[in-house]
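Here's what Swiss-Prot has on this protein:
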| type | residues | note |
| --- | --- | --- |
| BINDING | Arg153, Gly187, Glu210, Asp237, Phe238, Ser252 | S-adenosyl-L-methionine binding site |
| BINDING | Asp163, Asn257, Arg303 | substrate binding site |
Amino acid sequence: MTAEPTVAARPQQIDALRTLIRLGSLHTPMVVRTAATLRLVDHILAGARTVKALAARTDTRPEALLRLIRHLVAIGLLEEDAPGEFVPTEVGELLADDHPAAQRAWHDLTQAVARADISFTRLPDAIRTGRPTYESIYGKPFYEDLAGRPDLRASFDSLLACDQDVAFDAPAAAYDWTNVRHVLDVGGGKGGFAAAIARRAPHVSATVLEMAGTVDTARSYLKDEGLSDRVDVVEGDFFEPLPRKADAIILSFVLLNWPDHDAVRILTRCAEALEPGGRILIHERDDLHENSFNEQFTELDLRMLVFLGGALRTREKWDGLAASAGLVVEEVRQLPSPTIPYDLSLLVLAPAATGA
């Protein structure tokens, strides 16, 4: 039996209990996501500051909306500026649609990522089986679901591109393109990374390899950017031989979607398509050590498990994957972001025979 706590020990146990309840809460994350989905902060900033006005704007029941708003005040996202009138706090302002941090879309339950986060409700299944849970909720694997839902596909591409600096500009600036003639961006989305390279290095041409559902979006984006003469888009499958050789092959937020054996298959295809002296550039999150318990790293790692069966990799894991594909990690460059609370990395891989 556990001994009865002393009077002196009880406050510490109460604090521990409060911490556990906060960490285990499902209602607070759903309240925040509901506020994002309803665009409450945008409506407030547009002048709808009362429950009645907000209910009219959001097509919700005033009495139910008030209960939501009361919790938003309790957790510090809203405050009562005058009796019955609410305004966002500094934290709440992050849920404005035009905020540079772009958090409203990430928390909107109708958008691709927040919708997929519902997969976490079946996390025990993923831990028992090592397999994703997304399909058990939505009936199709993640990318197959996106392919059949153009709205979700557009949402996903937009979310990945929402931080222009960390998504494209920072990695494009981190590499010397002097000796690169052609870049192949494998799984390159709408072409933002390839476009950033093309703008920075006018002598470089590029090819974006993507699935059918994204090809038209990428072509339209590159045309609007005035780069369609230098960056072409090809429909294809990166498990098959790649459509052409290149001096630099980019994998930006691709391998984290796949378990190790599939990641090795993708890397092997990329290695086959390298021109002599070429390099593979992997743009993702990595962690220095196996025993690093970084909250953002572990959270995204679990998200990849329940969405796709993929994983984030530590430095040791990257070395192992590279070796399995006949490659070596030549260098790693950290890419700090001004708008997200963690750094990303650009890993440079070379054929093992030439790598350092």
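Using N, Cα and C of the backbone, Cβ positions are placed for all residues, glycine too.
The shown structure was predicted, so the numbers you read here are calculated from the model rather than taken from an experiment.
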Pop the Cα-Cα gap between Phe238 (S-adenosyl-L-methionine binding site) and Asn257 (substrate binding site) into the table, whole Å please. 13
Can you check what DSSP calls Asp237 (S-adenosyl-L-methionine binding site), collapsed to helix, strand or coil? coil
Quick one: what's DSSP say for Glu210 (S-adenosyl-L-methionine binding site), helix, strand or coil? strand
Cα of Arg303 (substrate binding site) to Cα of Asp237 (S-adenosyl-L-methionine binding site): how many Å, rounded? 24
Here are some binding-site residues: Glu210, Asp237. Which one has the most Cβ atoms within 10 Å of its Cβ? Glu210
Going along the chain, which residues six or more apart from Phe238 (S-adenosyl-L-methionine binding site) have their CB under 8 A from its CB? Val186, Gly187, Leu209, Val254, Ile266, Arg269, Cys270
